[in-house]
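Undergrad: Submitted below is the structure of interest, expressed as structure tokens.
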Amino acid sequence: GQLPTWLQGILLRNGPGMHTIGDTKYNHWFDGLALLHSFTFKNGEVYYRRKYLRSDTYNCNIEANRIVVSEFGTMAYPDPCKNIFAKAFSYLSHTIPEFTDNCLINIMKTGDDFYATSETNFIRKINPQTLETLEKVDYSKYVAVNVATAHPHYDSAGNTLNMGTSIVDKGKTKYILFKIPPSVPEKEKKKSCFKHLEVVCSIPSRSLLHPSYYHSFGITENYIIFIEQPFKLDIVKMATAYIRGVNWASCLAFHKDDKTWFHFVDKKTKKEVSTKFYTDAMVLFHHINAYEEDGHIIFDVIAYADNSLYNMFYLKSLSKDFEENNKLTSVPTCKRFVVPLQYDKDAEVGSNLVTIPSTATAVKEKDGSIYCQPEILCEGLELPRINYDYNGKKYKYVFATKVQWSPVPTKVAKFNVQTKEMLHWEEDHCWPSEPIFVPSPDAKEEDDGIVLTCVVMTNPKEAPFLLVLDAKTFKELGRATVNVEMHLDLHGMFIPEKDLKTETE
């Protein structure tokens, strides 16, 4: 096929790449050592490159030829032949664990720099052109967080916004929203942007010892949306996990009888909206988009009825009969919540406060809290992406992978949230990754551009490829086949040529 002539830049993606080190094996697919790979588009040609992230974790494991750094689903233990004192000390030192810097989930941009990210307090700077691993940044040196999301947001001023959970700060467990500026003042040229990191606000956790797990958050023009779900981390269990010989993942539990709470923070006042909004128990990983309309906040998320998704990716489940044996007990559902921020304070108890056309409801309860029920947009979408120029604004299109009852995607989809129409690309025995939308330079409409996805074949003897689709019609424009065993990755970003520093800089 043909690539559009304007497509110049790098598609950079991240995911777990190595699951066996020496005689040791990770328990979980999400624990594997980070493998970066990139497709560089230059004058109608595509160049492929990949490299393991040379994290401290990677270096320690490779040097020891065994897993020596714990990951979320795999606890690593010291060499059994070490003496008893060294062993006892290492047990004690794990109460607040030193987390891994195996940043395997996503890529984040801060100013002119790019970082590999996961959900710990560490991120690793990388060179997007050579995939070299550069310095390690510890968020906790600049803001009191122990974990942070791998899905930041970017505002029109170029700031990076992210959220993290603070567990150790004087027994007050809270969620912290922070902002990293794109550059530093002239006179401080040597300093990093992180030195100027600013805490936007903090939201106290409803439970001191059971903070909510979250993978992403939402943003509109004036608000930050944080969902406190009843999928929670047990801090006491986590502190004793090492001693008890279990992994940290076993310290996460879904409380199906609890509520899911919605928090809205006003960006200008940095204060949380005081009304209590909630819905039924659900588990979510990915926010799609959010916007404001006539005094309401509308936000779209992909939600599950339970937490079975994580458990499916234990490597013991990923056997040769994976597709037959692994059926999701809860299918991902694209839910739209409509939350009335401005409503008639004298409205009757039991009345629906949503005043814009929608089947979503927000019902006033006796205690003044508001119970929200979503509109179901569709089922079976995961790894959603949008045209990011429409982030926080009213929008039409979601680009995503389509999963049936199995967690492995078999199609790429384009879904219109307004008309509910869906277009697909699929081919037999293909497993596509998260689709990334790249707008064309003269775009007039939301879907003017292309969609990029990496496709892995079920048969390892068949070569994987990069697929380029026309975002409007969803027809294939071209594909670039790569003769390597490509890994299934998680997330990534497209970096236009203008955002890449030239080597001399």
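Quick reminder: no glycine exception, Cβ is built from N, Cα and C everywhere.
Bear in mind that TrEMBL entries carry predicted annotations, made automatically and left uncurated.
According to TrEMBL, the Fe cation binding site annotation covers HIS151, HIS215, HIS286, HIS491.
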Undergrad: Given the binding-site residues HIS151, HIS215, which one's Cβ is surrounded by the fewest other Cβ atoms within 10 Å?
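TA: Across HIS151, HIS215, these binding-site residues, the one with fewest Cβ atoms within 10 Å is HIS215.
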Undergrad: For HIS286 (Fe cation binding site), which residues in the same chain are close in space, meaning a Cβ under 8 Å from its Cβ, but six or more apart along the sequence?
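TA: Same-chain residues close to HIS286 (Fe cation binding site) (Cβ under 8 Å, separated by 6 or more) are HIS151, HIS215, SER216, VAL301, ILE302, GLU382, LEU383, PRO384.
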Undergrad: Measure the Cβ-based neighbour count of HIS491 (Fe cation binding site), defined as the other Cβ atoms within 10 Å of its Cβ.
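TA: For HIS491 (Fe cation binding site), the 10 Å Cβ neighbour count is 21.
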